[in-house]
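S.K.: The structure is given below, and queries will be raised subsequently.
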Amino acid sequence: MGSRFGRRKERNGDMLPLYESQSPQHLDSLENENDERISKLTGKVKSLKELTMNIGTEITSSTKLMESMNDSFDSTKSLLSGTMTRLKNVSKNGGISIWMWLAFFCLVALILVLVRF
């Protein structure tokens, strides 16, 4: 009969560790079961490691893409800012309001889009 500390009494009253009281075949089957579980666990750990590495690679590439997009937006912002400043100067000096220029550019953009498609 097993005790709560993993020991078992022999007929002569000695206490033996529970693993010594098991048959060798049973111990071999337990060892094989442990080996199978270890190999499954190793496979899962490898899969998680690969997934983590892929996530890291994706994060790195996404960060680079966002940085390049940020640089592009900054250059576009400065270009548009300069264009708007020049447009304001032209509209003030030429007597044509900025709204007329805006309507003109929208019309040109619309024509370009319609011609393209």
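Backbone N, Cα and C atoms are what each Cβ position is placed from, and that goes for glycine too.
Pulled these features from Swiss-Prot for this protein:
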- 1-10: compositional bias 'Basic residues' (COMPBIAS)
- 28-90: domain 't-SNARE coiled-coil homology' (DOMAIN)
- 1-20: region 'Disordered' (REGION)
- 1-94: topological domain 'Cytoplasmic' (TOPO_DOM)
- 95-115: transmembrane segment (TRANSMEM)
S.K.: Mind tallying the domain 't-SNARE coiled-coil homology' (28-90) by DSSP state, helix then strand then coil?
M.R.: 63 helix, 0 strand, 0 coil
S.K.: Roughly where does the topological domain 'Cytoplasmic' (1-94) sit in mean pLDDT, to the nearest integer?
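M.R.: Mean per-residue confidence for the topological domain 'Cytoplasmic' (1-94): 82 out of 100.
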